[in-house]
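In what follows, a single structure is set out as structure tokens and then discussed.
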Amino acid sequence: MDKRVGPSWLRFQPLRGSLPLLPVNAQIEREAQRERHGVTQRRMGWAIALHGGAGEIPPTLPPERRQPREAALRHCLEIGISALKADQHPLDVRELENNPNFNAGRGSVLTSNGTVEMEACIMDGNTKKCGAVSGLTTVVNAISLARLVMEKTPHIYLGFDGAEAFAREQGVETIETSHFITLENVDRLKQAKEANRVQIDYTPPFQKEVKEETDIRGGDSQIGTVGCVAVDCHGNLATATSTGGLVNKMVGRIGDTPIIGAGTYANSFCAVSATGKGESIIRATVARDVAALMEYKGLSLKDAAAYTIEECTPRGTAGLIAVSATGEVTMPFNTTGMFRACATEDGHTEVAIWPSA
């Protein structure tokens, strides 16, 4: 029997019954708001995008390291497409949380004390309802708890002991902390400590012996934060993000992922999930800036996202995925690469790592 309570992200249960239509008056107001800000009403249909983290991903990444991650993104994308075609909720990050190749859930990177502190966030663009958690050490799927915060509490954000207590109260599946600690991440923490640095989970550590960046375990390091954004055929938007944070981060450090408007944001214009160096993303309020540029400056999704990544964050620190209410998709980044995937109703699909030719 499944011990998890609440909706299962693998079965695409909805945020509120289904990806709900707004009341008629609310829909009219939403469309009027878009018109006031010069946003086109041309519908392009449903769309979905996923990411598995951005960072200095070497072009020499061996196939045995690259292909399982691409396959995981492709699998989640296919499930999301099926859900959207069935008019069900498409967000899926539990699948990625359970994959040790990604820096979330099972594959979360380690703090300076060698422990995990996971965080996640979810937001419904229609209602702006949201839930966030951080400092989790035993919860199997942080995103499931974030959703329960949104649905079962009057709050938006719970952290550390309080969040863990809420998880037990709600019957959310928990497990011994050792479940999340992989040998690869122990090795990664050791190298980061030797280099005396905190690093993005996909940045090769600085080795003192040669004073240059080198690859971990033959050209690989951990994939980063995972996220999903989607818009259904009715124009309803939602986003979810989950992460283990930075390698060798201080105990108690909170990144951008659970901060509404920084790493995660959705409204009636777009849904955004960011990845990279949290401190830079927080300073730039990356996710909210994309939405604000669309709402107040009339920029397209592509232009708003590109401006935010290229002009508002330092090079080598950030990437994002975003979808608009009209079904547009964009996935810009200013790092070497970003594991990403997307699909749209018109038949376009993409799974990629490095910049497109």
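If you go along the chain as it appears here, the first residue is 1 and each next one adds 1.
Cβ atoms are placed via backbone N, Cα and C, with glycine included.
Curation plays no part in TrEMBL annotations; they are all automatic predictions.
Features of the protein shown, as given by TrEMBL:
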type	residues	note
ACT_SITE	Thr225	active site, nucleophile
BINDING	Arg253, Ile254, Gly255, Asp256, Thr275, Gly276, Lys277, Gly278	substrate binding site
Check your understanding: Looking only at Arg253, Lys277, the binding-site residues on record, which one has the least crowded Cβ, with the fewest other Cβ atoms within 10 Å?
Key -> Arg253
Check your understanding: Among all the protein chains here, how many other CB atoms are within 10 A of the CB of Gly255 (substrate binding site)?
Key -> 24
Check your understanding: If you measure Gly276 (substrate binding site) to the residue listed as 'active site, nucleophile' at Cα, how many Å is it?
Key -> 8
Review point. If one looks at the chain holding Ile254 (substrate binding site), which residues at least 6 apart in sequence have a CB under 8 angstroms from its CB?
Key: Glu119, Ser134, Gly135, Gly159, Gly278
Review point. Can you count the other CB atoms that lie within 10 A of the CB of Gly276 (substrate binding site)?
Key: 32
Exercise for review: Specify the count of other C-beta atoms within 10 Å of the C-beta of Gly278 (substrate binding site).
Suggested key: 27
Check your understanding: Max Cα distance spanning Arg253, Ile254, Gly255, Asp256, Thr275, Gly276, Lys277, Gly278 (substrate binders), Å?
Key -> 16
Study note, to complete from the structure: Cα of Asp256 (substrate binding site) to Cα of Thr225 (active site, nucleophile), in Å and rounded, measures 10
**Study point:** Chain-internal residues, separated by at least six, CB under 8 A from Thr275 (substrate binding site)
**Key:** His51, Gly53, Ala54, Gly224, Thr225, Gly227, Thr241, Thr243, Gly263, Ala318, Gly319, Leu320, Met338
Study note, to complete from the structure: Per DSSP (three-state), Ile254 (substrate binding site) is coil
